[in-house]
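**Q** Swiss-Prot feature annotations, pasted as is:
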| type | residues | note |
| --- | --- | --- |
| TRANSMEM | 6-26 | transmembrane segment |
| TRANSMEM | 39-59 | transmembrane segment |
| TRANSMEM | 81-101 | transmembrane segment |
| TRANSMEM | 106-126 | transmembrane segment |
| TRANSMEM | 166-186 | transmembrane segment |
| TRANSMEM | 211-231 | transmembrane segment |
| TRANSMEM | 277-297 | transmembrane segment |
| TRANSMEM | 305-325 | transmembrane segment |
| TRANSMEM | 336-356 | transmembrane segment |
| TRANSMEM | 377-397 | transmembrane segment |
| TRANSMEM | 413-433 | transmembrane segment |
| TRANSMEM | 468-488 | transmembrane segment |
Amino acid sequence: MKEFHLLLFHGGSIFPECILILGLILLLMIDLTSDQKDTPWFYFISLTSLVMSITVLLFRWREEPMISFLGNFQTSNFSKIFRFLILLCSTLCIPLSVEYIKCTEMAITEFLLFLLTAALGGMVLCGANDLVTIFVALECFSLCSYLLSGYTKRDVRSNEATMKYLLMGGASSSILVYGFSWLYGLSGGEIELQEVVNGLINTQMYNSPGILIALISIAVGIGFKLSLVPFHQWTPDVYEGSPTPVVAFLSVTSKVAASALATRIFDLIFYFSSNEWHLLLEILAILSMILGNLIAITQTSMKRMLAYSSMGQIGYIIIGIIAGDSKNGYASMITYMLFYIFMNLGTFACIVLFGLRTGTDNIRDYAGLYTKDPFSAFSLALCLLSLGGIPPLAGFFGKLYLFWCGWQAGSYLLVSIGPLMSVISIYYYLKIIKLLMTERNKEITPHVQNYRRSPSSFISKNSIELSMIVCVTASTTLGIVMNPIIAIAQDTLF
C-alpha cells in the first residue's frame, strides 16, 4: 500500500505526460481494431489528449515545486511554462496536418504517434533533473523528429533531408553526451543537476579546464537543436524537404525544448562560469542574427527563407537567456517565444494551404495571391509583418521588451545588432508581401492564375484555415495585452 501511495504521489507530477501516453495507447488500439473510415477518431483522440494535458497542467499551475522519481524529474514553475508551450505547439499543429495528410495520402496513425511522442519527449526534457533523463528525453524527441522529417518516403528531397538530419543529429548528441561525461567525472560521479553543482564545489573543479571543455561540448550539442550558426547546416535542407506540417511542428517545438534545456544547464551547472557561457552564447547569437537574416534575403524557396529567418529569431531569444539573471530576462524570453509560436505557425498555415492548392513553394509563385485568395494573402502578410517586428503587431512588442531586458542586463552589443537585423528581416518580408498584393497580370504566375478560388474568402472552411485564424488573431492582438502575459510569467517564475 505504501508503494502504491508513493506511485500516486510521484505519478501526479507527470500527470499531463501520462495523459499523452494514454492517448498514444488508444491510437494504437483503434488503429489495430478499426478500418480506415474511423480516421476522424485519430484526430479527436490526439487533440483531446493534448487539450486535457493542457487543462491538467493549468489546474496544477500553483502547486509547489517538487522533485520526484528519485531526483529524475522536477516539477517547477519554470518547467510548467515550457511544457505548456510544447503542448500549445502540438495542439495547433494537428489541425495544420489534417488536409495535408488527406491530400498526400500519408499514414495517419503513425504521423500522430510520432508527433505525440515527440511532444512527450519535449515535455519530459523540460522537467528532466538529471543528465541521463535529459539525454533519454532529448533522444525521444530527436528520433521522432527524424522519422517525421522523412515521412514522405517516396520524395527524394525528404530522404536526403532526413539522412542529413539523422547524421548531424547523431553527431551533435554524441558531442552533448561527451560534455555530460566531463560533468559526471568532474563532479565525482553525480548525475542529478543540483548534485553535479555541489560535486563541482566539493572537488574544487568548477573553474578547471575540464569545465570549459564540458561547456563548449554542451553548447555545440544544444546549438544544433536550436539551429544556431555555425551548427545550422541541416536546417535549410530539412525545412525544404520535409512535409510542411512537420516543418511547422519542428520549427517551434525544437526551439522551445532546447531553450528550456539551455536555460537550466547554463544557469544552474555553469553558474560559476557565467562570463564564459554568456560570451559563447553572445557570439552564437550574433552569428545567427547576421547570417540568418542576410542569407534569407537571397532565398527563392519560402520554406528555406523561413529556415534562415528562424536562425535570426532564435538569436533574439538568446538575448533573453543571457539576460535571465534579472527578473525580466526569462519573462521576456518566454513572452517572445509565445508570440513566435503563433507568428511562425500562422505563416506555415498559409504555406501549407498555398502548397496544397498550387503544388509549389517558390516565393515568386505567390505573386498576385491577393487577387485569388484575399484571406490567405492578408493572413500571411500579417504574420510576416509580425515576425519582422512592425508595430502594433505582437512581434514588435515582444522584440521591444526583449531588447529592453537585454540592454538592462548589459548586453549592449547584442541589443545594438538585434534591431538592425530586425530591420533587414523586414526587407525580405516586405518583398514577399509586395508580391502577394500585386495585381499586374505579367507578374502573376500560372500557379496563382489556376488557383482554386474559395467560395467565401473570410469564412473558415477547413482545419488549416481555422489554425490560421487563431494564429493570425494572436499575432496581431497579443501585443496589446502583453502586460498581463509578462505579469503571469514573472509571477510564475519568481
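Quick reminder: no glycine exception, Cβ is built from N, Cα and C everywhere.
Fair warning: this is a prediction, and the values are worked out from it, not measured in the lab.
Could you place the listed features in the three-dimensional structure?
**A** Tertiary proximity for the transmembrane segment (305-325) is limited to same-chain residues at least six positions away from its ends with a CB under 8 Å from its CB atoms, namely 226-229, 232, 235-236, 238-240, 247, 251, 255, 259, 262-263, 266-267, 274, 278, 281-282, 284-289, 291-293, 295-296, 299, 332-334, 336-337, 340, 344, 347-348, 351, 363, 387, 399, 402-403, 405-406, 408-409, 411, 414-415, 418, 421-422, 425, 428, 432.
Sequence-distant contacts of the transmembrane segment (377-397) (same chain, six or more residues past either end, CB-CB distance under 8 Å): 309, 313, 339-340, 342-344, 346-347, 349-351, 366, 369-370, 422, 425-426, 429-430, 432-433, 436-437, 468-469, 471-472, 474-480, 482.
Below 8 angstroms of C-beta separation, residues 92, 328, 331-332, 335, 338-339, 342-343, 345-346, 349-350, 353, 376, 379, 382-383, 386, 392-398, 401, 460 of the same chain, each at least six residues beyond the ends of the transmembrane segment (468-488), sit close to that stretch.
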**Q** Please indicate, using numbers and ranges, the residues of the same chain that are 6 or more beyond the transmembrane segment (39-59) and have a C-beta under 8 Å from a C-beta there.
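**A** Those are 15-17, 19-20, 22-24, 26-27, 30-31, 80, 83-84, 87-88, 90-91, 94-95, 98, 108-109, 112, 115-116, 119, in sequence order.
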**Q** Quickly jot the same-chain residues contacting the transmembrane segment (211-231) by Cβ under 8 Å, restricted to those at least six beyond its ends, or write none.
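**A** Distant Cβ neighbours of the transmembrane segment (211-231) are 138, 142, 168-169, 172-173, 175-180, 182-183, 186, 200, 205, 254-255, 257-259, 261-262, 265, 270, 272-273, 276-277, 280-281, 284-285, 287-288, 291-292, 307, 310-311, 314-315, 318.
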**Q** Relative to the transmembrane segment (336-356), which of 81-101, 106-126, 166-186, 277-297, 413-433 accounts for the most Cβ pairs at distances under 8 Å?
**A** 81-101
**Q** Short question: which residues 6 or more past the ends of the transmembrane segment (413-433) have a Cβ under 8 Å from it?
**A** 282, 285-286, 289-290, 292-294, 296-297, 299, 302, 305, 309, 312, 315-316, 318-319, 322, 363, 366, 380-381, 384-385, 387-390, 399, 402-403, 406-407
**Q** Same-chain Cβ contacts of the transmembrane segment (166-186) under 8 Å, 6 or more residues past its ends?
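**A** Here the qualifying positions are 131, 134-135, 138-139, 142, 145-146, 196, 199-200, 203, 205, 208, 210-211, 213-218, 220-225, 231, 233-234, 269.
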**Q** Can you tell me which parts of the same chain pack against the transmembrane segment (81-101), counting only residues 6+ beyond its ends and a CB-CB cutoff under 8 A?
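**A** That would be 16, 43, 46-47, 50-51, 53-54, 57-58, 108, 111-112, 115-116, 119, 122-123, 126-127, 243-245, 248-249, 252-253, 256-257, 259-260, 334, 337-338, 341, 345, 348-349, 352-353, 356, 462-464, 466-467, 470-471, 489, 492-493.
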